[in-house]
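Undergrad: Questions regarding the structure given below will be posed in turn.
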Ligand code: NA
Ligand code: NA
């Protein structure tokens, strides 16, 4: 019963993280288009836009932040795995618990500060400094989402490690054993 | 806590969490925030928003997604491979020739991008797989990508050079010209190393005809390979041209490369809608990986800077009582050590204004000193355990490549860079000849 | 007794650094060492862009920010720095801030965001450097000039096309021709960026009279000071303002000499018609900024009344 529940939670997190990661991927051609359009508009039409600079930076930030959780799901984040690959599965679980806990702490700080900035941005109507002056608040909301998903993914991974530590069995079958 | 002790504690924490295999970016940020909380209090968390705005809103870093996307599109459409296949039809009989064409392509990419991340990850996206598929030694392939991609900051345009020139009131033009001959020297040494080491260990770089199951190409296939390869090179030339002729900035030209890659794929009927998505997703993951490291590392170094690491370095530099050339050598060693914990931009930002006036007062040429600093940074970002170039390379490498492989693969290439550094140090003319000749 | 961190808008190594170091020393000696001040430069923990936010949050105790960078967070700061058409006369500027009411309004505007606004200081104005000479205002037509925010709008009114670029790409962009010109935060900035190597002509008229920049302190840190120390800090910022005025003039002259040695040429002096076009281009900006937020409106109303 509990196990089924845990599995459902894990699978839901996996799904949400994957969908967000894919959405970030879809922003990429859009980013390239915005920058290319600025070049076209400036060089061919002789009329630089006032929006491409900030819009491209926003898109860049969205892609970079939102892809974080999905990269964790794919075990794509860089680690120094020299010792890591030589130890047993259980030791690796302990290592993960320590480093993911540190990661969650860091993400929690970002989440908290982003929320503060979001409130400030709403109260004082913070904008970018450019002539176009787009509002900033959505960026902080996005960061909260990105950090939330990243924490959820790390939490899910920690849950799997804990389960393995105590039962010696994998909570979810297809979880690969090499941690990579 | 004094800054010396704090630096020690931070270093120990980094090594511990690196050993545990923690994700690098999260570990660096997390360590800084925990130690910051213990030494400074909750107020240190306020470093997060300003660091977010400085890293995520950096137009310079935008080169990373744009160039990687271009690289991914070229690879996924098969046009990138065609470029190397075509080169093999020309020089395929030379052992290691594929690695040499990779160095050539990396040099061209180096002339387009101005930061290390874009250099290595673009070169890796395009050129790593073709080498591995042909049975090249993993370490040789990775090392070539690292060394070639690093040329991004040595071949103009180069953001660290612009930063050096600005903080020390020197000519950007002179810096760019001063780095040209050392860059050329570096490329020659790289090519020589590849040829010699492949002679000594033929297994490292198998020739195409040695591989089993390779069927000779028909004339039509040869024509298609040559044609696609030619257009892929043409695309690189066009991107370079768009920078030189002032159509786009080095950052923006990545987007021109993306459009060009799409057009080529459509013209040669290699375009699939699915490509957009898979290249985009792959790019998003790589960009995320790079940016979470850059962000975590920035939080870390911003904390360290607020605590006053720069005054520690300044006191140390000013307190050196040594013969002039020994001081220059000490500076190089300090920067190499800083490379353990600090990224390329911060090294320039911190060391250029601290060290250059001392070097000039000792009678050395600032441009020479600046070029030494750039080569030194190139080495610092490649030296284990902490080096951005290493992280970028691991990001782009296949999953079965561990950090240990990366460390081992870069060692000979770091030595090559050291040789260039020492040659430039001993013979300043190598740096100064070209700028003096062109700019008087 | 009190440990302060003071961060300024310049990177380490620029001439202005000495003046901010001087302010820090002043506070230390005048307070008999009761306040210790650590000087930080741009990029050392906090970038120039993040400085305002860092002082608000208390990460940095005292800051010398560059307000055009904070146009989105504190629009009134842009008006405070000086809109096109403003004066460069230090006496008039002093009157504006101290006698005609700008000071009170700014204290309130900064106070609202948790900041204490201290004696502002004057730095030399913004100039445009171009690849080709500007013989008359008509030559601005179609020119691509790197100019953010208010200066960009102003140049658009003159017929130019403002371009947004990061500072570190100005040199390359001027060299290759992506842009035809660029503004610098002052003449010294053009010298430091080596722009003369790739664009020879300086337009001999500043975009705005002079730049007035604030010194700000985090309110909580300020309130912790006893009154005598608050007075000490105030006095030190007044001395600093004087020092900036003399030094920045001197350094501007030096920068011009350096650039002229590297081949800088001046575009011909602006005609009366050009000056009128200049004033007209600035006038509409005043309206735009007035409409933007209430504090800006109050400042501009005072400006108009005392013109
Ligand atoms: Na380059
Ligand atoms: Na290193």
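In case you wondered, yes, glycine gets a Cβ from its N, Cα and C as well.
Residues or ranges marked as domain 'TRAP C4-dicarboxylate transport system permease DctM subunit' in TrEMBL: B:11-430. Annotated transmembrane segment per TrEMBL: B:31-48, B:55-74, B:94-120, B:140-163, B:175-196, B:229-248, B:254-271, B:283-305, B:325-355, B:367-393, B:413-434, in sequence order.
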Undergrad: Ranking B:55-74, B:94-120, B:325-355, B:367-393 by the number of C-beta pairs under 8 Å to the transmembrane segment (B:254-271), which range is first?
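TA: By the under-8 Å Cβ criterion, the transmembrane segment (B:254-271) pairs most with B:55-74.
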Undergrad: Check the domain 'TRAP C4-dicarboxylate transport system permease DctM subunit' (B:11-430) for me and report the mean pLDDT.
TA: 89
Undergrad: Which range wins on Cβ pairs under 8 Å with the transmembrane segment (B:175-196): B:55-74, B:94-120, B:325-355?
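TA: It is B:94-120 that shares the most Cβ pairs under 8 Å with the transmembrane segment (B:175-196).
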Undergrad: Given the transmembrane segment (B:229-248), which of the listed stretches B:94-120, B:140-163, B:283-305 has the most Cβ pairs that are under 8 Å apart from it?
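TA: Ranked by Cβ pairs under 8 Å, first place goes to B:94-120.
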Undergrad: Tell me whether the transmembrane segment (B:55-74) sits in contact with the transmembrane segment (B:94-120), defined here as at least 3 Cβ pairs under 8 Å among residues 6 or more apart in sequence.
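TA: Between the transmembrane segment (B:55-74) and the transmembrane segment (B:94-120), contact is present.
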Undergrad: Kindly say whether the transmembrane segment (B:413-434) and the transmembrane segment (B:140-163) touch, using the definition of 3 or more Cβ pairs under 8 Å where each pair is 6 or more positions apart.
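TA: Contact between the transmembrane segment (B:140-163) and the transmembrane segment (B:413-434): present, because at least 3 Cβ pairs are under 8 Å.
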Undergrad: Using a Cβ distance cut-off of under 8 Å, indicate which of B:283-305, B:325-355, B:367-393 has the most pairs with the transmembrane segment (B:94-120).
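TA: Most contacts with the transmembrane segment (B:94-120): B:367-393.
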Undergrad: Is the transmembrane segment (B:140-163) in contact with the transmembrane segment (B:325-355), using three or more Cβ pairs under 8 angstroms as the rule and ignoring pairs under 6 apart in sequence?
TA: yes
Undergrad: Is it true that the transmembrane segment (B:367-393) and the transmembrane segment (B:31-48) have 3 or more CB pairs under 8 Å, sequence gap of 6 or more?
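TA: Checked: the transmembrane segment (B:367-393) vs the transmembrane segment (B:31-48), no contact.
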